[in-house]
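Structure first, commentary second.
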Protein chains: 4
Amino acid sequence: MLRFLTAGESHGPGLTIIVEGIPADLPLLAEDIDRDLARRQVGFGRGGRMSIETDRVTFRGGVRLGRTIGSPIAMTLENRDFKNWEVPMSVSPVDLDDEAVRAQLEAKRITRLRPGHADYPGAVKYGLADVRNILERSSARETASRVAAGAIAKQLLRQFNVHVHSHVVEIGGVGAGESVRPALPTFEEWKDLFERVDQNDLRCHPDLYERLRSRVVEAAKGGYTLGGAVELAAYGEIPVGLGSHVHYDRRIDGLLAGAAMSVHTVKAVEVGIGTAAARETGADVQDEFINAAGEIARTSNHAGGIEGGMTNGQPVLLRAYLKPLPTMRKALRSIDLVSREPFEAHYERSDTCAVPAGGVVCEAMMAIVLAQELQRKLGGDSLGEMLRHAGRTHA
Amino acid sequence: MLRFLTAGESHGPGLTIIVEGIPADLPLLAEDIDRDLARRQVGFGRGGRMSIETDRVTFRGGVRLGRTIGSPIAMTLENRDFKNWEVPMSVSPVDLDDEAVRAQLEAKRITRLRPGHADYPGAVKYGLADVRNILERSSARETASRVAAGAIAKQLLRQFNVHVHSHVVEIGGVGAGESVRPALPTFEEWKDLFERVDQNDLRCHPDLYERLRSRVVEAAKGGYTLGGAVELAAYGEIPVGLGSHVHYDRRIDGLLAGAAMSVHTVKAVEVGIGTAAARETGADVQDEFINAAGEIARTSNHAGGIEGGMTNGQPVLLRAYLKPLPTMRKALRSIDLVSREPFEAHYERSDTCAVPAGGVVCEAMMAIVLAQELQRKLGGDSLGEMLRHAGRTHA
Amino acid sequence: MLRFLTAGESHGPGLTIIVEGIPADLPLLAEDIDRDLARRQVGFGRGGRMSIETDRVTFRGGVRLGRTIGSPIAMTLENRDFKNWEVPMSVSPVDLDDEAVRAQLEAKRITRLRPGHADYPGAVKYGLADVRNILERSSARETASRVAAGAIAKQLLRQFNVHVHSHVVEIGGVGAGESVRPALPTFEEWKDLFERVDQNDLRCHPDLYERLRSRVVEAAKGGYTLGGAVELAAYGEIPVGLGSHVHYDRRIDGLLAGAAMSVHTVKAVEVGIGTAAARETGADVQDEFINAAGEIARTSNHAGGIEGGMTNGQPVLLRAYLKPLPTMRKALRSIDLVSREPFEAHYERSDTCAVPAGGVVCEAMMAIVLAQELQRKLGGDSLGEMLRHAGRTHA
Amino acid sequence: MLRFLTAGESHGPGLTIIVEGIPADLPLLAEDIDRDLARRQVGFGRGGRMSIETDRVTFRGGVRLGRTIGSPIAMTLENRDFKNWEVPMSVSPVDLDDEAVRAQLEAKRITRLRPGHADYPGAVKYGLADVRNILERSSARETASRVAAGAIAKQLLRQFNVHVHSHVVEIGGVGAGESVRPALPTFEEWKDLFERVDQNDLRCHPDLYERLRSRVVEAAKGGYTLGGAVELAAYGEIPVGLGSHVHYDRRIDGLLAGAAMSVHTVKAVEVGIGTAAARETGADVQDEFINAAGEIARTSNHAGGIEGGMTNGQPVLLRAYLKPLPTMRKALRSIDLVSREPFEAHYERSDTCAVPAGGVVCEAMMAIVLAQELQRKLGGDSLGEMLRHAGRTHA
C-alpha cells in the first residue's frame with residue numbers, strides 16, 4: 001500500500017520523495033507529475049519566488065520505460081536557486097575562519113520569531129537557536145513533495161475512473177455561502193467544471209473569477225494577505241466501501257480530514273455540508289435513497305459521499321479553509337528568540353494569496369488517502385491484477 | 001506509545017478494549033474510567049436506551065493494586081441487555097430447525113437501508129445481506145470504548161498538568177457565532193468553566209443552557225433531531241513542540257482533526273478560529289508575541305495553540321460540528337437492500353440530540369493524540385521516568 | 001489486514017485478545033480456537049499447572065451465528081485459578097491496614113531475580129521493585145493469546161488450501177541432524193505426517209518418539225530442563241509472491257523470522273536448510289527449476305520456499321530452536337534485586353520440556369504473517385471477495 | 001523514531017534514501033556514511049563490479065553545516081555506470097522504431113530464471129515478463145541503501161557509547177564451531193577485535209584469516225561460491241530494557257532477528273548461543289547473576305544480552321548465516337519463464353564470497369533496530385534532549 005517519505009529544505013539542494021507500494025505496470029511519465037507541480041505554482045497574487053521554481057521532477061528509481069516496476073519510486077526536484085545558498089545551506093561544515101563565509105551565514109541567521117509560523121515551537125522543540133533550521137523545512141516548499149506523491153496516487157486512481165480535483169470557492173470572505181456548481185453534477189459536469197477552473201489563475205469557477213480577483217488586487221494594494229476555501233471532489237466511479245465503520249482509525253472521513261488538515265495554513269475541514277449539517281434538522285441533512293431504474297440512487301449528497309466512515313458511491317466532497325499567509329508586508333509585533341527584545345515581525349515573501357496552490361496540495365493528500373484505501377480493498381501487485389480484482393479489464 | 005483496539009457490537013455481550021503502551025506505575029482506578037463513561041451518558045434529549053447502559057468498566061489486565069504495570073490494559077464493558085438478544089446475536093450458530101429461533105432471528109433481520117448510516121456502504125463492502133451485521137458495530141455504542149481508552153490517556157496527561165475537556169457551544173443553530181467564555185482564559189477560568197459545564201445535562205456554559213434546552217424541547221416535540229457544535233480544549237501546562245513540522249504525517253493539527261472527524265456524526269473540524277481564519281486578513285489572524293516579564297507570551301490564541309503543526313504552549317482549541325442523528329421519528333424515503341422496494345426509513349431509537357455525548361467522545365480522541373505525542377516527546381517506560389524526562393518531580 | 005493486541009497476566013483474571021481486520025463471512029467457531037489451545041497444552045514432561053488451564057475461548061464480538069461479520073473479534077480466556085489470587089493480583093487497591101491482606105501480598109512479592117527470565121531487565125525498565133509485576137506478563141501464559149489469534153489466521157488460510165503445522169524434530173540434542181520426513185513431501189504426505197504428529201504427546205514423528213521421550217524422562221529424573229527444535233511448514237497451495245523483494249521490511253523471510261524469534265525461549269530461526277546453507281557450496285544449495293509437464297517445478301526445497309524475500313510456491317519451511325525453560329529444580333546462583341544479596345535462584349514451576357507447546361505457538365505466529373501477506377495480495381473485505389480475487393470459488 | 005524508505009535499481013541512475021525521525025543537532029558528515037559504504041565494498045573474493053561502485057553519499061536534506069536539523073535526511077548514491085545503461089534502464093519510454101534502441105533493450109532483456117534469486121516469484125507476483133524488472137531491485141545493490149541508513153543509526157548510538165560491529169566467523173564451513181574471541185570481552189577487547197577485523201579483506205579475526213582465505217581461493221579456482229557466518233555485537237553501555245516483554249511485537253529479539261533475516265542470502269539467525277541452547281540443559285544455558293562490588297553482574301552471556309525480549313545490559317550478540325551467492329560460474333538447470341524451455345542458468349557476476357559485505361549490512365540493520373528502541377526509551381527531539389533524558393551530559 002502506498003506510503004511515502006519526503007525530504008528537503010526550501011533553500012537546500014532540492015526536494016526528494018520516495019513513494020513505496022505502487023503496483024507494477026502503471027504508466028507513469030514525469031509529465032504526469034509536472035502537470036500538477038505546475039498547477040501548484042499557478043496563482044494570481046503570488047510573489048516572485050514562484051518563477052524560480054518551475055518544478056520538473058526527475059525519476060531515480062521505480063520507473064522503467066514509462067511504467068512502474070513495483071519498486072519504490074524515487075523523485076527529485078532541484079532547487080535552481082541553490083547556487084545562491086551554497087554557503088548558508090551547506091550540508092557540510094563551512095570554514096568559520098573565513099570572514100566572508102561567516103558573514104554569509106550571519107546574513108541568513110534568523111532569531112526573530114514570525115507569528116503564525118513554526119518558528120517558535122520548532123526552535124523550542126528542536127533546541128535550535130537559528131530559526132532558519134526550522135523555517136527551511138516548515139516552508140510551503142515542502143508541499144511540492146506532496147503534490148508529486150499525490151500525482152502518482154491520482155494516476156493510479158484514474159485507471160479506475162476515479163478523479164480528484166479542487167476549485168477555489170472563496171477568498172477573503174468573497175464567495176462565502178454561495179453555490180457555483182450544480183447540486184448533483186453529472187460526470188460530464190464535474191469534468192467540465194474542472195477544465196474551466198484550470199484555465200484561470202485563481203483556479204475558481206469562471207463566474208467567481210472577477211470578484212475574487214478584485215479582492216486579491218485590493219489586498220495586494222493594502223499590503224495584507226488573504227485566505228479562503230477550496231472544495232475538493234473525488235468523482236467518477238467511486239467504489240462503495242472505501243474506509244470502514246469497524247474501527248475508529250479506518251473511518252475514511254477521519255483519514256481524509258487528517259490529511260487535509262495537515263496541509264499548511266488549513267484551519268478547518270468539512271465533509272459534505274459540514275458545519276451547516278450541525279445547524280439543520282435531522283430530516284434535512286440525510287440523503288434519501290431512491291430506486292432509479294433498479295439501481296440504488298440518491299436525491300442529494302449532503303453527506304459528501306461518506307456514511308458510517310465509508311464511501312457510499314457518491315462523489316466524495318470536502319472543503320478546506322486556509323488562513324492567510326502569516327508572512328506579510330504589514331508587520332506584526334513579535335520578539336527575538338535569543339534577546340527577548342520586541343520588534344516588528346520578519347518579512348520573507350510577498351504572496352498575497354496562496355489559496356489556489358493550497359487546493360492543489362489538498363487534492364494530492366485526498367488522492368493519496370483514496371488510493372491507499374482502494375489498494376486495501378483490491379489488493380494486487382500490478383495494475384492488471386488490481387483491475388482484475390475490481391472486475392475491470394481496462395480503465 | 002499508546003495504541004488501542006476495540007471490539008464489540010451494540011447488542012452483543014459487551015465491549016472489549018485493549019490499550020497497549022501505557023507507562024508503568026500510573027495510578028488507575030475503574031472510577032477514573034467510569035466517570036467519563038457516565039459523562040458520555042449524560043444528555044438532555046436522549047432516549048430510553050441510555051439508562052440500560054450504566055457503564056462500568058472491568059479491568060482484566062495491565063493494572064495491579066490500582067496502578068499500571070506496563071502491560072497492556074484490558075477492559076470490558078458488559079451489555080446488561082444482552083440476555084434479550086442471546087439468540088439473534090449469538091456468537092455460535094443457532095438451531096435453524098427450531099421455529100422459535102428462526103422467528104427471533106427474522107425479527108431482528110434488517111434489509112431496509114437507513115439514510116445517513118453505515119447500512120448501505122457497509123452491507124455492500126462486507127457482502128452481507130442482513131444489515132444488522134453492520135449496524136451493530138457502526139452504532140454509537142462503539143464510542144464508549146473510545147471514551148474508556150481516552151480516560152486512560154487523560155489520566156496520563158493529568159500527571160503533567162495537561163487537561164482535556166469540552167463544552168457544547170451550539171445546538172440546532174442556537175449559540176452559533178456567540179462567545180461564552182473569556183478570550184484568553186486563565187487556568188482557573190478554564191477549570192471553573194468546565195466544572196460548571198459538567199453540572200448541567202447539556203454540558204454547556206450555564207449562560208447558554210436555557211436557550212439550548214428550549215431548542216431541544218422544540219425538536220423533541222416536532223419529532224426531529226438536532227446537531228450542534230462542541231469546543232474542545234487542552235489546557236494547563238501544554239508542552240511546546242508536540243507534533244512536528246518536519247513531515248506531513250507528524251503535524252498535530254492533522255492528527256487531531258483526523259481523530260475528531262472519526263467520531264460518529266462529526267462533519268466538520270476547526271482548529272482555533274477555523275473557518276473564520278479564511279475570511280480575515282493576514283494581519284488579523286496571527287497571534288502576536290510579547291515579552292511578558294521576560295517570558296514569551298501571546299496577545300490572542302486564534303491559532304488554537306498550534307503553529308507549524310506543533311503545539312506552541314497555548315491551550316489547544318478545536319471545534320467539532322456534529323450532524324443530527326440520522327435515525328428519527330419523522331421518516332425518510334429509502335429502499336430495501338434486497339427487494340429494492342421503496343419504504344419509509346427504519347426507526348431505531350429516540351434520541352433528539354446527542355451533541356453533549358459527542359463532545360465527551362471527541363475529548364477522548366483528543367486526549368489520545370496528545371498523550372501519544374507527549375510519549376513521543378518524553379519517552380519513558382514508567383510514570384517516574386516520564387516525569388524525570390520532563391524535568392518534573394511530581395504532577 | 002489482520003492486526004491484534006493481547007492482554008492479561010498469568011495469575012490475573014484471564015487473557016483478552018482483539019483481532020482486527022479479518023474479512024466478513026469466515027466460518028469461525030470457538031472450537032476452531034480451542035483445538036489449537038488444547039494442542040498448546042499437550043506435552044509430555046509438563047508440570048501440574050497446565051491441567052488448571054484447560055483453555056476455552058469466549059467470543060465477545062466480531063462473530064455472529066458462527067461467522068465473522070467484519071468487526072474486530074474479541075476473545076477472552078478465563079483463568080480458573082484466579083480465585084486463589086484475588087488479593088495479590090487485585091486490580092484495585094487492597095486494604096493495607098488488614099494484616100491478612102498484607103501477608104498475602106508479601107507472600108507473592110518477588111525480588112529474587114531468576115536468570116534467563118525477564119525479571120531483571122523488566123524490573124529495571126519499568127522501575128518496579130516487585131518482580132511479580134514483570135513475570136506475570138512475561139510468563140509463557142501470554143502465548144495462549146497468540147495461539148488464539150493464530151487459530152483465526154489458520155482458519156482464513158485454510159479457505160485457500162494453505163495449512164500451517166509443526167513437529168518437534170529434536171529435544172536435548174536427540175534428533176539433531178536427522179531427517180524424519182520425505183525430502184519433498186506431497187500434500188498427502190504432509191497431511192499424514194501432521195496427523196500422526198498430533199497423536200503423540202511430544203508432537204513429533206512416531207519414529208522419533210521413543211528416543212525423545214527417554215531423553216525427557218532422563219531429564220525429569222535429573223531435575224533439569226531441556227530445549228529442542230521444531231520444524232514449521234506451510235503447505236498446500238502456497239501462492240507465489242507473498243512478501244516482496246522491493247523493500248527490506250516487506251521480505252517475508254524477515255517477517256517470519258521476526259515472528260518466530262518473538263516466541264518465548266526461541267533463540268535461533270532457520271529458513272529452509274538454514275545454517276547448513278552457509279556451509280555448502282553455491283551449486284549445492286540452490287533449487288533447480290525443471291519443466292514438469294509444462295509446469296515450472298523444482299527438484300529440491302533447500303530455500304524453504306522463499307527466494308528474494310517472496311514465497312515461490314513451494315512449502316514454506318522454518319526451524320525454530322528453543323532453549324530449555326529457565327526455571328528449574330536445580331538452582332542457579334542469583335542475587336536479590338533489592339538487597340543485592342546472593343541466593344539460589346527462585347523455583348516457580350516444574351515443566352521439564354515445553355518444546356511441543358512452543359511449536360504450536362510458532363505455528364500461530366507463522367500463520368499470522370502468512371495471513372497478513374495473503375490479505376495484502378488479495379485485498380477483499382469478505383471471504384467471498386477474497387476468493388474471487390484469488391480466482392477461486394470455494395476452498 | 002527513525003523510519004526510512006529506499007529506492008533505486010542496480011543499473012539505474014542511483015540509490016535514494018530518506019531517513020526520518022533523527023533528532024536535531026547530531027553531528028553528521030558524509031564521511032560517517034562513506035566509511036561504512038567502503039567497508040561494505042571490501043571483500044576478498046569479490047568480482048569486478050565492486051570497483052565501479054566506489055560509493056559516496058550526497059546529502060540532499062536534513063543536514064546543515066555538518067549537523068542534523070530534525071528534518072528528514074535525504075541521501076543519494078550515484079551509479080557511475082549508468083551512462084552504459086541509459087537506454088535499457090531509461091525511466092521514460094524509448095523510441096521503439098529505432099532499431100539500435102530495440103537491440104539494446106533486447107540485449108538486456110532476461111527471461112531465463114536463476115534459481116535462488118527473486119526472478120521467478122518476482123516475475124509472477126508483479127506480472128512482468130522481463131525478469132530485469134525484478135533483478136534490478138532484488139540485487140544486493142539495494143543493501144548499500146541500508147548501510148547508509150544504518151550509518152546514521154550508528155552515529156546516534158555512538159553518542160550514548162553504544163557500538164555495533166561484526167566479524168566473519170566462518171566461510172564454507174571453515175571456522176564452524178570455533179571460538180576466536182574472549183568469552184566475555186571487555187570494552188577494550190571488543191574495540192581491539194573490531195579494529196583488527198577491519199584491517200583485513202575478509203573482515204575476520206586475524207587468527208582465522210589464512211584458513212578462510214584459502215577456502216575462498218579454492219572456491220574461486222573451482223568456480224563455485226561460498227557462504228558463511230558473521231557474529232554481530234552491540235557493546236559499550238547497552239541500556240537495560242530496550243524492547244519489552246509486554247507485547248509480542250515489542251520483543252527486541254524478534255525485531256533484531258527479523259531485521260537480520262531480511263538481509264540478502266541470510267538463511268539463519270541466532271541470538272546468543274542460538275541453536276546450541278536447544279541442545280544444552282537448562283542449568284547450563286542461563287547466565288547466573290553475581291554481585292560484583294555492589295553491582296549486578298553476570299558470569300556468562302549465553303543469552304546474547306537479551307532476556308524476556310529485552311536487553312539486559314550485556315553486549316547484544318547475534319549470528320547470521322549467509323548462503324553462497326546464487327549466481328555462479330558452474331551452471332544450474334533452469335527454465336525460461338516465457339518459453340518454458342530448459343537451459344543452464346544465467347550467469348551475471350563473479351563474486352566468490354560476499355560474507356564480509358553481508359556482515360556490514362547486518363550491522364546496519366542491527367543498529368537501526370537498536371537506535372529505534374533507544375529513541376522509544378528516551379524520547380527527545382534533539383541530541384541534547386536525548387542525552388539529558390539518559391542522564392548524560394556528553395557522549
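Just so you know, glycine gets a Cβ as well, placed from its N, Cα and C.
The model shown is predicted, which means the values in this text are computed figures rather than measured ones.
The Cβ neighbour count for C:Arg40 (NADP(+) binding site), using a 10 Å radius and every protein chain shown, is 28. If you look up Swiss-Prot, you'll see C:Arg40, C:Arg46 marked as NADP(+) binding site.
Per Swiss-Prot, the feature FMN binding site maps to C:Arg137, C:Ser138, C:Ser139, C:Gly308, C:Lys323, C:Pro324, C:Leu325, C:Pro326, C:Thr327, C:Arg349. For C:Lys323 (FMN binding site), the same-chain residues lying six or more positions away in sequence with a CB closer than 8 A to its CB are C:Gly116, C:Gly227, C:Thr265, C:Val266, C:Lys267. Under the DSSP three-state reduction, C:Lys323 (FMN binding site) is assigned to coil, being neither helix nor strand.
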Cα distance (Å, whole number) from C:Leu325 (FMN binding site) to C:Arg40 (NADP(+) binding site): 16
Pairwise Cα distance for C:Arg46 (NADP(+) binding site)/C:Ser139 (FMN binding site) [Å, integer]: 15
Sparsest Cβ surroundings (other CB atoms within 10 Å) among the binding-site residues C:Arg46, C:Arg137: C:Arg46
Interface-adjacent binding-site residues, chosen from C:Arg40, C:Arg46, C:Lys323 when a CB lies under 8 A of chain D: C:Lys323
Chain-internal residues, separated by at least six, CB under 8 A from C:Ser139 (FMN binding site): C:Glu9, C:Ser10
Surrounding CB atoms that lie within 10 Å of the CB of C:Leu325 (FMN binding site), all protein chains: 28
Among C:Arg40, C:Arg46, C:Arg137, C:Ser139, C:Lys323, C:Leu325 (the binding-site residues), residues with Cβ under 8 Å to chain B, listed in sequence order: C:Arg137
Secondary-structure category, per DSSP, in which C:Arg137 (FMN binding site) falls: helix
